[in-house]
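To keep things clear, I will list the structure first and then write my remarks on it.
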Amino acid sequence: MANTVILVDQPTLEKMKQTYLPFSNPKLPPGAVFAAKKTGVSITGYKSRKVMFQGVNGEVEAKKWVATLPESKTKAPSVSKGILPANFASKNVIGSDEVGTGDFFGPITVCAAYVDAEMMPLLKELGVKDSKAMKDPEICRIAEKIMPLVPHSVLLCPNPKYNELQKRGMNQGQMKALLHNRAIENVLKKLAPVKPEAILIDQFAEKNTYYRYLAKEPSIIREDVFFATKAEGLHLSVAAASIIARYKFVQAFDAMSKEVGIPLPKGAGPHVDAVAAEIIERFGLETLAKYTKQHFANTEKALKMVKK
């Protein structure tokens, strides 16, 4: 079995843990902080910040993450700050980001937003920055202030549609690529005849993989497109897109909670299993499917809780 080991920083390790939650394996080897299994690859992340990829797709999966490959003494293909044009942070850019991919409940939500140099001082004054450390109330407060100022497009993939696409063989990467491409296209149409100097996508797949996912799309945005991990820190457009996406995600979550009559939790941990089991007991499995990503391990865990 082919093994690939990469060394990552702590924020990347946490991001990987969240990304692989839908494929999580509860049995952790000694020293591990997460373990997951996807088609053709098993992934194990360790406290040492080393992540091991085992299987025929191990190397391909590893290359999605910006990190050193110690075993081969080479570097994974890196799409990061280094390849962006000079003074990128001050350019007029469309940025895009997504939320909801690691949450059992709720839709995948993608936002593309345009920020030009003239707008930047005001956005900074309003609190636009990397939103990962922000709580929902702050996210919502800032989003409501910037949405009238920032040309943007938000697209949601509701859970019933997500489940339908997933059963037809589409993975999350494909869904995200479609949503990013369409959201960016929507913003370009709003801006016309003005053109951005660049487009920056918060990277979730290699460039070639991203465009392969879009192969059947009638319109594919390729001109001046860049991909980078941690893109919120590289341009305010991505930070703004992330804030707006999270705001819309929170709104969708609140609406679903009211509809089902139960406060729905974010994430995909044990606390989520308990709420899912309650929904199954009260309303049935079909109702749960309306609000969740069915292929997550939480579905089976909740069913086992109900059967006890």
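We count from 1, first residue shown onward.
Yeah, the Cβs are placed from backbone N, Cα and C, and that goes for glycine too.
Pulled from Swiss-Prot:
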type    : residues             : note
DOMAIN  : 91-308               : domain 'RNase H type-2'
BINDING : Asp97, Glu98, Asp202 : divalent metal cation binding site
Query raised in the report: Looking at the binding-site residues Asp97, Glu98, Asp202, which one has the fewest other Cβ atoms within 10 Å of its own Cβ?
Result: Asp202
Query raised in the report: Can you list, in sequence order, the residues of the same chain other than Asp97, Glu98, Asp202 whose CB lies within 8 Å of the CB centroid of the divalent metal cation site?
Result: Ser96, Val99, Val110, Cys111, His180, Ile201, Phe204, Ala231, Val238, Ala241, Ser242, Ala245
Requested in this report: Could you tell me which three-state DSSP class Glu98 (divalent metal cation binding site) falls into?
Outcome: strand
Query raised in the report: Could you give the mean pLDDT over the domain 'RNase H type-2' (91-308), rounded to a whole number?
Result: 94
